[in-house]
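Structure first, then comments.
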């Protein structure tokens, strides 16, 4: 195993430094979501096996691991988005503020409002303006005054680090924006619903370095008010922005994905407990 200092130098963190409000050595942030012994199936195929995890409030949790190990499947279980796939089902328990999100009386639409999702590929509504893209989800609820909608649009675009770039062209199509701007527009659209948790499935994988930096900066700002869970293949990104990291792994092709190791990001990247974790974060496979 490499010396600890070498691993730390390889993965300098940005999200946990004193300048950004460091995480305490003993984190006392409350749990906002708890996953207990989660198994997930698509038909008869077991995609995830026995995953347990605590997701803490106002923290960024990164999910890493090789392709096909269940990261995106897992993140979709956190707001029941996987249920749009025929034959998908879960065993185990997932709670949000102590409430089982899979309880029979729980409306999955309500879960998805409380746990928002930003997908890998930006997906602004092509027939809508930038303004209308932001408030699209609000149109399904109570009627709001124009002044209230204006405030929501400005606030969420500021939170997504996009306001200054679009404030003079809110009536233009959302698809007129660059890829990075479109992704930040999708973040603003998610924020307009005032979720407690924001899920991001490789939100910067298709973006250039400048756009990626803006997404990361936005994430670090967002965790002051929200809890963020991000799937990423970018080890530098996970090390820079996250407080906690979960490493997913499959032992062999056709086997279910498992949460191989979970803990504070500093430890996962500098002194992991399992050899497979070290091999992955140091680039020996994956």
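Any Cβ shown, glycine's included, is placed from N, Cα and C.
Between the listed ranges 1-27, 28-54, Swiss-Prot ties the annotation region 'Disordered' to 1-27.
Listed in chain order, the residues near the ATP site other than 65, 66, 67, 68, 69, 70, 71, 72 are 248, 250, 257, each with its Cβ within 8 Å of the site Cβ centroid.
Most Cβ neighbours within 10 Å among the binding-site residues 67, 72: this distinction goes to 72. Following the DSSP three-state reduction, the secondary structure of residue 72 (ATP binding site) is helix. Minimal Cβ crowding within 10 Å, among the binding-site residues 65, 66, is found at 66.
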